[in-house]
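First comes the structure, then the notes that go with it.
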Amino acid sequence: MSSATGRLLIVHGPNLNMLGTREPGIYGSESLEDINALCHRAAADLGYDLDTVQSNHEGALVDAIQAARGTADGIVINPAAYTHTSVAIADALRATALPVVEVHLSNVHAREAFRSHSYVSPVAEAVIAGAGSTGYRFAIEHLAAYLSS
Ligand code: DQA
């Protein structure tokens, strides 16, 4: 039996499975496995269990987010390119009624103009951009603080 405080879901959007080799000057040299390990450590430090999911498919991400309702206490999401295009992912997050923290490895506001718009941000309790992989730790710490407040 788990003695955890609760359960968090980390959602990684398209192309994040390529981390480590994908434009490392922008996204860093850590792999998705490295980032998931970091997330597991951060969650465990705060007494939370953690699930992670990555997909390159919008519908699969919607399914994973819907499934979090009733199984997770909060969601950390890097929607990647779907940040800028997906009403469906934003609606799924809204439908869960769970607290959401949006993470971007890069500072999306210092890049192409289209990356400054996020469909997800209006649903998020907090948005962290440009802190690299540490942003995931910040997001988990924020969710834990939010959930215990
Ligand atoms: C990203 C930023 C997005 O604009 C981009 O499409 C990604 C990754 C980031 O983590 O910086 O795939 O979400």
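Just so it is clear, glycine is given a Cβ too, placed from its N, Cα and C backbone atoms.
Unlike curated entries, TrEMBL annotations are predicted automatically.
Around ARG22 (site 'Transition state stabilizer'), the C-beta neighbours below 8 angstroms that are at least 6 residues distant in the chain are ASN15. Feature annotation from TrEMBL assigns site 'Transition state stabilizer' to ARG22.
Annotation source TrEMBL lists active site, proton acceptor at TYR27. In the three-state DSSP scheme, TYR27 (active site, proton acceptor) falls into the helix class.
In this structure, HIS84 (substrate binding site) is part of a helix by DSSP. Feature annotation from TrEMBL assigns substrate binding site to ASN78, HIS84, ASP91, LEU105, SER106, ARG115.
Residues or ranges marked as active site, proton donor in TrEMBL: HIS104. DSSP assigns HIS104 (active site, proton donor) to a strand.
The recorded positions listed here are HIS84, HIS104, ARG115; among them, HIS104 has the most other Cβ atoms within 10 Å of its own Cβ. For the binding-site residues given as ASN78, SER106, the lowest number of other CB atoms within 10 Å of the residue's CB is seen at SER106.
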